Amino acid sequence: MIPAVPVEDKEIRLPNSCYFSDGKTKVDFVIVLPNFEENVELHRPLQQINLFITKMKEKGLVVEREVGKFYTTLVFLKIHGPHAVLTRYATIYNIGLTCQNPYYKYKETILFNFLTSELTKPDPESNIYKRAQKSLSGDRPTEITTSERSKIIYEILKRITISFDESEVTMKNLLDTDIFVQAYPIHDGDYAWTTEGHLTDRQLLFKFWPSWKYVFKEQPVHLIEKYYGPKIAFYFALASLYTKMLLVPTAIGTITVIVGFALTFGRDHYIENEVCKSSIVLCSDQKLKSACHLMKLAYVIDNPATIVYVILSSFWGVIFWNLWQRRQSMLRLRWNLMGVKADRSMRKDFQQNANVRRSSITGELEYFIPPHKKILTAVFTYLIILIMLLIFFFVVFLVIEYRFVLRKGLDYDEMNLANELELFTSSLLTAILIMILDSCAPYILKMYAQIIKFLTLLRMPRTQLQYNRMYLQMMFIITFSNNFSSLFYLAYVKGFFHKYPGNYSEFFFVRRLQLDLCKPAGCLVDLGMQLITIMIVKTLVKNGFNLIKHWMSPWYQSERPKDTAGNFGQWEKDFMMNEIDDAVINDLYTELVLQYSLITFFNASLPIIGLIALIHNVLKIKLDAYRFLKFYRRPVLEQIPDIQGWNNVLQAVTVFGCISNTFVVAFRSNFIHRTIYENKHNGSLHGYINSTLSKFATSDLHYDEQLREHANETYCYYRGSRYPPEDENQYQPTSLYWQHLAIRALYFIILEKMTLLLSLVLSYLIPEIPRKVKVKLEHDEKMLRAAREAQMEKDKKT
């Protein structure tokens with residue numbers, strides 16, 4: 001159990017483009033500088049560069065300068081870390097090496113062979129295995145991996161400090177002042193497949209990971225972790241598990257829709273008789289039969305099978321969350337991250353702006369922020385966020401106004417698909433407005449990011465961990481609100497302000513909300529249409545835009561070194577590639593969590609949402625793999641123990657999603673109302689539609705609310721359970737109204753409590769680390785402690 005010592009002579013041979021001019025010394029890291037004129041001996045930037053290079057050499061690093069062959073105005077500093085230097089600093093900086101991980105041989109079980117590929121279950125007899133045995137065998141490496149080499153060198157470089165003009169200068173200062181143009185590790189050669197020689201990890205990944213031939217294969221997360229590090233690998237592990245879990249709501253949702261179609265069109269249905277042939281005039285100035293198609297569509301997604309789908313989907317979210325916690329813990333063990341701790345060191349910005357006092361506990365000086373300043377900055381921060389949220393809800397109000405304008409120009413009785421046209425165009429308009437604010441206007445996103453960054457700095461978090469969490473929390477609130485404002489309105493607001501025609505507020509905004517009614521089919525179909533529009537339109541536009549942007553980028557066109565003869569080093573090929581920074585990773589997580597939120601919050605309104613999400617995720621994983629391997633530089637390995645703040649976001653979405661989904665079924669679906677009616681009428685639904693309508697005298701309408709298309713009608717009808725105009729309790733709720741409300745509330749409370757109770761039970765039944773593994777860990781810890789004690793006793797004797 002004593003950690004192994006890395007072996008130097010076991011390192012694999014990479015392509016020639018990854019070595020110094022001697023062809024033997026490997027390039028582990030590159031710093032790019034401007035090509036200063038040689039006769040400028042006392043140039044201030046050149047002095048700082050020379051001082052920094054001297055410091056690097058003092059640390060034991062090997063440095064070679066080379067003027068770019070393609071980028072002739074740049075100089076590339078190629079940096080190599082000798083084996084002894086890397087092992088020493090890995091110990092000093094407490095960097096866990098793969099060759100020292102006792103649990104590296106932990107094997108995953110893939111139930112079906114058709115899900116495996118050469119990367120997840122290689123054939124020892126294949127030619128690919130023989131050319132990449134170190135990568136595919138599953139044996140623990142005996143050497144420091146290429147990503148770990150660059151990580152160690154980066155840790156050395158970022159701690160180097162030079163004194164210049166009575167100030168301390170670091171690599172970050174040199175990058176910020178453009179004295180250093182860029183600093184990055186290089187790829188392990190080109191991604192193109194070769195027919196002979198050793199295969200690099202990049203070649204293996206590009207051959208199998210983004211290939212459409214392996215679209216339904218297991219993700220090679222362990223090879224991704226080895227090449228890119230756990231920060232990126234954790235995302236693809238989460239995306240892989242989530243995509244596999246989507247098979248459950250996909251199957252159940254598809255069955256639900258099939259049942260809905262069979263019930264709607266398979267026999268003499270009550271909708272055909274009571275809606276499509278009805279002569280009833282609604283108070284929205286259209287005949288009930290104009291909603292015939294929407295009524296049938298609503299029944300397809302809101303049929304007796306829907307309640308089973310919703311209950312199972314509510315449990316699905318909780319099960320997914322618990323399975324992810326276990327998966328994450330096992331990957332942490334597999335990737336040697338058990339000892340990795342989050343960075344809790346004090347930020348310099350906090351130290352510079354905080355007050356100083358002497359601690360009453362330790363007696364030492366400590367930095368602190370006065371309570372009143374914390375409160376003021378928190379209030380100001382959330383006030384700004386509230387203003388930004390109001391912008392998104394203003395977009396919702398614009399769509400409401402669009403619907404009013406459209407209603408004036410459409411003849412719902414004469415035009416066959418007028419309701420469908422209004423529904424689709426308003427949903428499409430909303431999706432377009434969301435994309436304008438979220439995707440198609442980068443300068444707006446940049447402004448949001450700058451505002452969020454300013455607000456985060458304003459609250460002065462003590463540590464980088466606190467800063468990252470605050471930034472992530474506020475950015476997700478903004479993004480979530482932009483994408484969900486219209487859905488929240490349809491699910492929780494639309495129609496609830498309306499009591500009966502003629503009873504409207506004098507305030508314009510409230511009056512508009514009261515007049516914006518659900519269609520005769522109910523608001524569930526509105527919500528479903530908005531959901532599918534956002535998912536399909538937004539996804540197609542965003543992914544298409546990203547792919548075109550990369551293909552049309554300057555890197556891909558004129559500024560890319562075309563190395564047909566192998567004349568350019570890998571450092572030049574990687575120079576114009578995009579950088580995988582925190583913004584790229586957060587964008588990936590944001591899109592995945594937003595999609596998960598759509599499913600957990602509103603899957604009751606669209607049972608096939610799982611199928612749409614499944615298809616999207618399968619394609620997106622392949623596109624992301626393609627982008628990363630071809631268009632992005634290799635990032636510096638960053639060892640993180642989990643997905644950090646996104647765990648909290650996922651947990652919150654799971655809990656509130658279960659509550660939201662239950663609310664939608666209870667108060668937006670017709671299932672409960674329909675079931676009560678069936679029980680009272682011996683299983684028959686004939687007359688059900690009429691039972692959901694209440695009568696209203698058109699003479700009680702105000703002048704500006706009078707019916708135009710049906711001006712001669714004495715009575716009109718609206719959705720609700722209220723007394724008719726001739727009753728002494730005119731327009732007041734009936735006893736049936738209160739009965740239905742009580743049953744809906746009871747259903748909501750029971751299902752919501754059952755889901756949360758299941759969450760607690762699953763947390764106990766599915767522990768983060770399996771019992772056998774936990775016993776193994778405890779045994780190994782005991783053996784390691786005994787070995788250390790024996791070594792101490794031996795040292796005492798000698």
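Using the three backbone atoms N, Cα and C, a Cβ is placed for every residue, glycine included.
The annotation domain 'Anoctamin dimerisation' is assigned in TrEMBL to 19-221.
What TrEMBL records for 224-778 is domain 'Anoctamin transmembrane'.
What TrEMBL lists as transmembrane segment is 232-265 (among others).
Residues annotated as transmembrane segment in TrEMBL: 306-324 (among others).
The transmembrane segment annotation in TrEMBL covers 379-404 (among others).
Per TrEMBL, the feature transmembrane segment maps to 424-449 (among others).
The transmembrane segment annotation in TrEMBL covers 470-492 (among others).
Within the same chain, residues 215-216, 239, 242-243, 246-254, 256-257, 260, 301, 306, 309-310, 313, 317, 480, 484, 487, 491, 524-525, 527-528, 531-532, 534-536, 539, 543, 650, 653-654, 656-658, 660-661, 664-665, 668-669 sit at least 6 positions outside the transmembrane segment (596-619) and bring their C-beta atoms closer than 8 Å to a C-beta of that stretch. Feature annotation from TrEMBL assigns transmembrane segment to 596-619 (among others).
Beyond the transmembrane segment (745-766), the same-chain residues lying 6 or more positions past its ends with a Cβ under 8 Å from any Cβ of the stretch are 311, 314-315, 318-319, 321-323, 325-326, 654-655, 658-659, 662-663, 665-667, 672. As annotated by TrEMBL, transmembrane segment applies to 745-766 (among others).
In the predicted model, the domain 'Anoctamin dimerisation' (19-221) has a mean pLDDT of 86.
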